[in-house]
Amino acid sequence: MTTILKHLPAGQRIGIAFSGGLDTSAALLWMRQKGAVPYAYTANLGQPDEDDYDAIPRRAMEYGAENARLIDCRKQLVAEGIAAIQCGAFHNTTGGLTYFNTTPLGRAVTGTMLVAAMKEDGVNIWGDGSTYKGNDIERFYRYGLLTNVELQIYKPWLDTDFIDELGGRHEMSEFMIACGFDYKMSVEKAYSTDSNMLGATHEAKDLEFLNSSVKIVNPIMGVKFWDESVKIPAEVVTVRFEQGHPVALNGKTFSDDVEMMLEANRIGGRHGLGMSDQIENRIIEAKSRGIYEAPGMALLHIAYERLLTGIHNEDTIEQYHSHGRQLGKLLYQGRWFDSQALMLRDGLQRWVASQITGEVTLELRRGNDYSILNTVSDNLTYKPERLTMEKGDSVFSPDDRIGQLTMRNLDITDTREKLFGYAKAGLLTASSATGLPQVENLENKGK
């Protein structure tokens, strides 16, 4: 069976991930006119730029959908977001600022939950608005086929007939108007935005040029912290975790993770926390650039990692970072449910996250500027009395340290011999300043 259909399968049911925007509206109407039977599925991901979810399925019915459903994906999305925080599943960082993989997390949820809903309706052909140059086309492909083994893929944006007739937004708008729908294009921004309640992605158009900075972006989850005219008073916030799960903000306990994430977004958003500018490698290895918002994820991540460093030992922390980066890359590639990802997730959640219990107090200022004011946990292995510089009882004596240092003589001797061996082989050069062979300075090479 052919998995990807290049032309519209007339007379068959086609499920379309329907956002209500111009692209999917025109595609749905066009498919109905060409003889297909479109079913519309809209994911409620708590998008911060969407204020009336119930209106979206109604519009789909007006444009010719056989049926239209709104699927509430918020609970599952937040669950996956918390799992990503527990695992440190983030691999794109620049200058210490992190991209929290909020779009890949959203695709993992919509790519499974929408296809599962389609399967309930006997719909085994799926279309969405992802382009052939991006990451989402592969993410949706993988998650869709994982969920429904009989699934076939039809994307109007890969159909030459659709492209020839409605190849641009102007043509789509004219098509909608000609069909009796007073659909006007929204005001064109200098970039495109995709969002869910975990974060927002701003990319393309002017942002493809690296001389266009974050300053052209209008945040939808935060504030323009770079604009000095925007008043942002400092704010003290506490975050509490129990066994790796965020449970309270500023002393208020949440039984609903969705409400907790919304409040974390509000707190972090007041400061522009979690905004970053990243150059990344797409799945196809080409580089792209995005500006990201994730105020709630950033707030929880900072508190989680503060507790992590006070609770776990050095090797565990090192593996958390190493495995987290591996897992983040798998998540980015649309492999969040693959066996290699599940293996990493299980270890990180079982042996790392389970011990993260405690409370962190921070002072948030502008953007990603913050201070940690206090860290409290019954599980802390940080114990100041062990290494206090003040006189008093100690867990080890000066003689103990002398013995430990004496044992270092063995590897110090070995290292010295290796350095002079490298010098003899011409790999290092003598240094009168240090008395040890060293790597030749780059500025001295070729002189």
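Backbone N, Cα and C define each Cβ position, glycine as well.
Per Swiss-Prot, the ATP site holds Ala17, Phe18, Ser19, Gly20, Gly21, Leu22, Asp23, Thr24, Ser25, Ala43, Gly129, Thr131, Asp136; the candidate it also names there, chosen from Asp182, Asp194, Asp206, is Asp194. The L-citrulline site recorded in Swiss-Prot includes Asn135, Arg139, Ser192, Thr201, Glu203, Glu280, and the single candidate from Tyr63, Tyr99, Tyr304, Tyr320 that the record places there is Tyr99. In the three-state DSSP reading, Asp23 (ATP binding site) counts as helix. Spread of the ATP binding residues is 19 Å (greatest Cα-Cα distance among Ala17, Phe18, Ser19, Gly20, Gly21, Leu22, Asp23, Thr24, Ser25, Ala43, Gly129, Thr131, Asp136, Asp194). Of the listed binding-site residues, namely Asp23, Ser25, the sparsest CB environment within 10 A is found at Asp23. Distance between Cα atoms for Ser19 (ATP binding site) and Glu203 (L-citrulline binding site): 18 Å, as a whole number. Listed in chain order, the extra residues whose Cβ falls within 8 Å of the Cβ center of the L-aspartate site residues Thr131, Asn135, Asp136 are Ser130, Tyr132, Lys133, Gly134, Ile137, Glu138, Arg139.
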